[in-house]
Every structure is written in C-alpha cells, then in structure tokens.
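Data block below; observations after.
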Amino acid sequence: MQFFGSKRKKLILAGDQRVASYPHSLQFYLQPPSENISLIEFETLAIDRLKLLKIVENLGVSYVKGSEQYQSKLEIEIRRLKFSYRESSDDEFEARRRDHISHFILRLAYCQSEDLRRWLIQQEMDLFRFRFSILPPDTVQGFLKDSHLQFETISKEEKALHSQDILDSSMPLGGNKYELEAVYKVPFADALDLFRGRKVYLERGFAFVPHQDIVSIILNDFRAKLSKALALTARSLPSVQSDERLQPLLNHLSHSYVGQDYNTQGNMGKISLDQLDSLAMKSFPLCMRQLHKALREHHHLRHGGRMQYGLFLKGIGLTLEQALQFWKLEFIKGKVDTDKFDKGYAYNIRHSYGKEGKRTDYTPFSCMKIILTNPPSQGDYHGCPFRHSDPELLKQRLQSSKVSQTGINQILDYVKGTHYQLACQKFFDLTHNIEDGMFSLNHPNQYFLESQKLLSGGREVRKEPSQPEVPQAKQSVQKTSNSTSSPPASLDSTLEMDMEGLEGYFSE
C-alpha cells in the first residue's frame, strides 16, 4: 500500500480500451484494480457499495428473489447508486469501474471475520445472480469465455435428439422456450447441486443444462473463487492494517453506520427517572429491556453493559446529572458504597458525556456496532438478544413480552437467517400492532423514538427510505468538544492511494 502527495496516475482510455477494460456489466473480479484513487473516493465507493449490498439483503428478505417486484426495485437502486446493471447501455465504463474498485475495497474490509465474509459472499452472489438474469442471451458465451468458464453449447441436432430427456429432467420448461434457449454440456462434477435436486439430465459423465439453470453452476464457481480470495486477503491483512491511515477506514466500513447519531436530542432533560421502568416496558428495544431488567435485579452491570445502556439513556434524553443519580442509586443497592462509586464509576459516566479525559462526546451504539463488536460473555447482559442469545432463552424473553407463538416463529426464522435487525423490527411491529415495513430499523434509539411517536398519538411513523447501515466519513472519528470543521487526516484529499499496490493482497 502506497500513498502519494500531489502526483496521481490518471486512467485515461480511448473508446475501444474502455470497452476492453470492462466488456460486461458483471464480472468474476479476477483482476484487482491498478489505478490511483484518493482516499475520499476510496471511502465513497465503499460506502455506496455497502448501501447497494444492504439493499440487496433487504429486498431478498422482503420479496421472492427473481420476482418481478424484486427485479424492478433492485434495478432502480442500482441505477440510483450509479453501478453497472445493463449490458446494452451506451457508456457504462464509469459505472463498471466503480463496481470493480468498490468490490475489492470491501474485500479488504469484510475479510476480517467469518461472519463478515459469509455476509459479503451471500450479497455479492445475489447481486451477481440479478445481473446474470438480465444478461442478453447473445452475450452469455462471451461472458463465460472472458470469465474462463468453458461451458460449450450443444448443437441443434444434439438438442433435438435429447429434447425429451432434458425437458423431463429440468425445471418446468415449455417446448417453445426450450427451442429458444441454449443448452450447455457441463462436466458432471460441476453440476452436483442440480444432480442432488434431480433437476438435470446426465449422459456419459456430462450434464445437459438449460440456460435457465446454468446460473446455479456459475454461482457455485463465483462463490468458490470469492471465498478463496477472501481467505487470501485475510492472510495479507496485517500488512494493510500497518498503515495507520487505512486501518481506521477498513474497521469503520464493517462496524459503523450512516444515519442520525442520537447524541444531541431536543428532549434532553424531558425524561424523568421515575418514567424509566414504564418506558422500558413500552418503548425500549429488547436489548435495552434486557439491560434495564438486569440492572434492576442485580444492581450492577459490567463495563460493556454500562456503556451500551448508558449511552442509550443519554440518547433518549437523560442529562448527566440524572445519569449520575440513576446509576448511583442503583449501584449502592448492591455491593458498591458511595465512596467507591464517586471515585470510579462516576468518572466513567462523566467521561461518556464528554466531561472528562479527551472530552470526547460519545454517541449511542448502533445496531450494527452492537451486533458485530464486543460479544457478551458469561455474566454479561449487553449485546443483541437476537444475535447473542440462545434460541430457547430468546423464545422465553419474547413470550414474556407477550409476543404470540406465530410472531415468535417469524422472529426465530429471521434469526436463523442471520437477519437480526429484521428480527428486531418484527418485534417492534408485533408489540406495537402495526403493519410490516413502516420504517427501516438501524438503531436502538430510533426504535425508542418511533415507539414514542406511536404511543403518544403524534404524527404517523414516517416511511423512511431503506438506507442501509453503512459507515460515513463523519463517523470515522468521535466528535470532540473542541473539534473543528476540517476533515480527518484519513480523508485528506491530497493523499492518493496506489491501487496497483493492493494487488499483492488479493492473490497468493
């Protein structure tokens, strides 16, 4: 990884060269980019791709993949974010360039854990499947060749000879559609998934795969290549992280989110301590109900719980004075005397409000931060119940919140699919008796505010655009009381990144 000052290698290509660089609207990402980009563009491209992949995830849960609604909504979002999607567009060079570079940036950010790798692979596969589904039939062979996939189409004579066998073995395929579709002759070992599902005709070690089913084989190859590439990138990651300007960007890409920080609220001081028990039952998300209940029962929380719950309370309007009073009254009911609280715990509370140390004004944790960082251990009560709780324990907590058995099953289905925020949103819908999809939940304090709007008879819950939980530049550093309007050092526009220097991190 190299950085430069004023010199920057511009990638200026003639028309034919531009087409040759990205001949198709989709690719296997076999070669990493080799041009220079600024750190600002580096982060912008990564954020835009994260937005796209989060949208891909949400649409995949809300609609049947491949359905007309799914296809049309995803195409709209891809166009809005200016990524490539159509093969026949007049000039898609810039969109395809953005797609290429942003994919490799996310490899760096999302190779750091098994959960992150699994999430990235699934969303990239769904995006690839969509793009392949709208690829014109006359360009498929060219794409396969450019991707080093040797799947030959059978001749018209051979197709006619095996027509009945192929029609009987494949998914429902009308005679007219069969006449128009290409049929590929694929080695048996490459079609194992279709074979297991009894969806393919086999003869002499080859599978005869109609065009509608070839995507299954191509996706398996795409998954295998991306999985291996992420493993190789993970091995090289320490070298990338040694650069102090790049390492914070990569960490925030996978752990931060864009949206309201819920730090400075207009209702600061309007919530009394006497209201907390009632609010916890009606308007707290399950993670905060869990922390509030544990604090009331045990009169103590470990550091992770105090940080998560304390910043949440700060976000809903508790002043510093109220916070000190609340925690002190609770802790002295346990094993902490007044002197110990004043000398230790009180300092930490003032610190979280930006009154001690570096005067950092800490913001409440987002859903993504709670899910992905600092998992709870034995004796802890922080974290996300949908992510970190045993299924049986989660079921008991849902029952105690008076969620119906049907609702519990719906929530547990989301949890099994690792859609933890959607599980929490379903919990909101069920406990507030509202329709699905009234807003897109990304933050515990957002949960509280939307609940209060409903319960207080205020304006209807506004329908927010499905903005994904992804990082933004201003979240790269915590705000301090003496901060200025100048950008953080990691986003200095005079710095340039040599993408060519990244090549070694994506291959052996």
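Here the Cβ of each residue, glycine as well, is placed from N, Cα and C on the backbone.
The feature [4Fe-4S] cluster binding site is assigned by TrEMBL to Cys287, Cys367, Cys384, Cys424.
Feature annotation from TrEMBL assigns compositional bias 'Polar residues' to 473-493.
As annotated by TrEMBL, domain 'DNA primase large subunit C-terminal' applies to 278-448.
The region 'Disordered' annotation in TrEMBL covers 458-508.
The Cβ of Cys384 ([4Fe-4S] cluster binding site) lies under 8 Å from the Cβ of Cys287, Cys367, Ile370, Ile371, Tyr420, Cys424, each on the same chain and at least six residues away in sequence.
Around the Cβ of Cys367 ([4Fe-4S] cluster binding site), the number of neighbouring Cβ atoms within 10 Å comes to 24. Those residues of the chain, other than Cys287, Cys367, Cys384, Cys424, with a C-beta within 8 angstroms of the mean position of the [4Fe-4S] cluster site C-beta atoms are Pro285, Leu286, Ile370, Ile371, Pro385, Phe386, Arg387, Tyr420, Gln421, Pro444.
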